[in-house]
Amino acid sequence: MAAMTTVPSYTPSLWVRVCHALPRLDLTMQMKDNIFVPDSWEYQQTLLVLSSLSAIALVISLLVVLSFLIHYCCCHRGDRGEGSEEEEEDEDGSTGHGYSGKKGRGICCVTWVAVAAVTLCCVAIGVGFYGNSEANDGMYQLTSSLLTANYTLASIDLLISDTISGLQLSISGPLTSMEELFTGSKPFLVSTRNCRRLSENMIKLLSSISLARSNVDAGLWNDSSVSGASIIPLTPVPPSVAPTVVPGSSLMPNPFSPGWAANTLMVNEDYRWLSYVLLLLLDLIVCLFILLGLAKQARWLLILMTVLAWLALFLSWGSLGLETATVVALSDFCSDPNMFVLNSTQFNSGTSSDVLDYYLTCSRRMNSPFQQLLTQSQRALSNIHTQLSNLDRNALTQFPKAEKSLREVQQILNSTEGNFHQLVALLNCRGLNKDYIDSLKGLCYDGMEGLLYLSLYSFLSALAFTAILCSLPGAWRSFPSESEEYEDSDSESEDPFTSHQDSKRFLQWQPWL
C-alpha cells in the first residue's frame, strides 16, 4: 500500500503482491523480511533458498526416472521368458508378426504416454515463446524510458552549459567593450557594470543546478557546446540517438546513469532472449524427433533424443530456479520502488533526497527544489533586459560606436532567454516522472508477466521430459529386435507350396491322388 500512495500513476499488480507476500527463509531456516536489499547477504540467502526448491524438484524427478529404469531393467528378463512361453502356446493363433496381444497393448500404452508427454511439452513451448516475447517487450519499454530520461537529463546539461557559456561570452566580449566606451559617462558605465554583475550572478545560480549526472554523459554534450562562439538553440533529437554511455564494466557507476543502464540492459536482454529461443528450439526438436522415432520405431533416434531429453530436463529445472529468484526479487522491488531508489546510494549520491522525491512522486503539493534558483535567474534576466533597454534608448545617441557591442549583448541575451525557458520546462517533474512510471510499468507489468510465463514453461517442460524419460525405456522394449524382424521377413517371404512337409500333407489329404 505504501507504493500506491507514493507513486500516483503506478500500482503494483496482483502478481507482484502475491509473489511479494511469499514467506522468506534464510539458510538457517529462519523467517526474514521481504524488503528489497540486493546487496544484503541475508536477502540473497532467501533467494538462494527459493532457488533450491527447483534443485529439490530435480532430485525428485531423477529418482522417479531412476525407479522406472530399475523397473524396466529388472522386469525385462522375466517378461522375456513369460513372453516366449506365451508365444509358443499361441503360435498357431498368432498373426506371424511376432507380437502377442499383451505386447500389443504394451506398445499402445507406451505410445500414448509418450504422445501425451510430448503434447504437454509442446504446450509448454508455446507458453515459453509467449513469455519470452512479453519479457522482451517489458525490457524494451524499460530501456526506451531510460533512454528518454537520459536524453532529458543530457538536454538539461546542454541548456545549462550553453547558457553559462553565452553569458561568459557576453561578459568577456561586448560588455567589456561597452565599459571601455562608457568610461567618461558614469550612468552608462553603472548600467553596464550592473549587467556584468547580474550575468555573473546568473552564472553562479545556473552552475548550482545539478541532477548528479555522470561526468561522462555531461562531457559528451559540453565538448561541443562550450567551445562555440555563439549560443544555438537546442534542436531536439530522438531519444534513440541521445548520447549514452557504453558500459565499460559490469559495475554500476556512481552516480547512476540512465544511459549506462539502458545500454547494459539492452546487451543483457539480447543474450537472455537468444538463450531462451535456443532452449525452446531444443525442446521443440527433441519432441518432434521423439514422435518420429516412435512412428518409425528407430532405436538409434530414440537413444539420441533420450540424451537430449536429459539435457533439456536439467536446463528446465535450472531455468526454473533462476526464474523463481528473479520473480521474487522483482516483486520485492516493484512493491515499493520509491523506497529502494531513495535509500540506494547509487541513486542519491550527490543528489539530495528532496530532488529525488520531487521527480519520483511529482505531487502538485510539492514545490520544485530549483524554484528559488530559477526565480532569481529569471529576475536577473529581466533586470539585464531593463538595463540594456535603457542603454539602447539613451546611450546610443551619445556613443554610436557602442551600438555593435550592444546588439551583440542583446542577441546573446535573447538566445539565453530562449534556452532558459526550455530549461524551466525540462526541470519540471512531469517529463522525468513519466519516464520513471513508464519504466516501472514495462519492468513490473510486462516483464513480471513474461517471467511468470517462463516459469510456467520451465515447470511444464520439466514434467513433460520426466514423463518422456520414464516412458521411452518401455518403447525400446516394445520395438521388435533385429532377429525378430529377420525371422518375420523370412516367414513372410517363404513360399508354403515349395515346402516338402506341406506338399506331403497336401498329397495325403487328397484321396484321389
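For all residues, glycine too, the Cβ spot is worked out from N, Cα and C.
From a predicted model like this one, the values you see are computed outputs, not experimental measurements.
TrEMBL has this to say about the protein:
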type	residues	note
COMPBIAS	84-93	compositional bias 'Acidic residues'
COMPBIAS	482-495	compositional bias 'Acidic residues'
REGION	81-102	region 'Disordered'
REGION	480-513	region 'Disordered'
TRANSMEM	47-70	transmembrane segment
TRANSMEM	107-130	transmembrane segment
TRANSMEM	273-294	transmembrane segment
TRANSMEM	301-320	transmembrane segment
TRANSMEM	451-472	transmembrane segment
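Within its own chain, the transmembrane segment (47-70) has Cβ neighbours under 8 Å at 22, 24-27, 313-314, 317-318, 320-322, 324-325, 328-329, 462, 466, 469-470, 473, counting only residues six or more beyond its boundaries. Among residues of the same chain six or more beyond the transmembrane segment (451-472), those with a C-beta under 8 A of the stretch's C-beta atoms are 15, 57-58, 61, 64-65, 68, 110, 113-114, 116-118, 120-121, 123-125, 127-128, 130-132, 134-135, 276, 280, 283, 286, 290, 302, 305-306, 309-310, 312-313, 316-317, 319-320, 323-324, 326-327, 330. Only residues 6 or more beyond the boundaries of the transmembrane segment (107-130), in the same chain, are considered here, and those with a CB under 8 A from a CB of the stretch are 99, 276, 279-280, 283-284, 286-287, 290-291, 294, 453-454, 456-461, 463-465, 467-468, 470-472, 474-475, 477-478.
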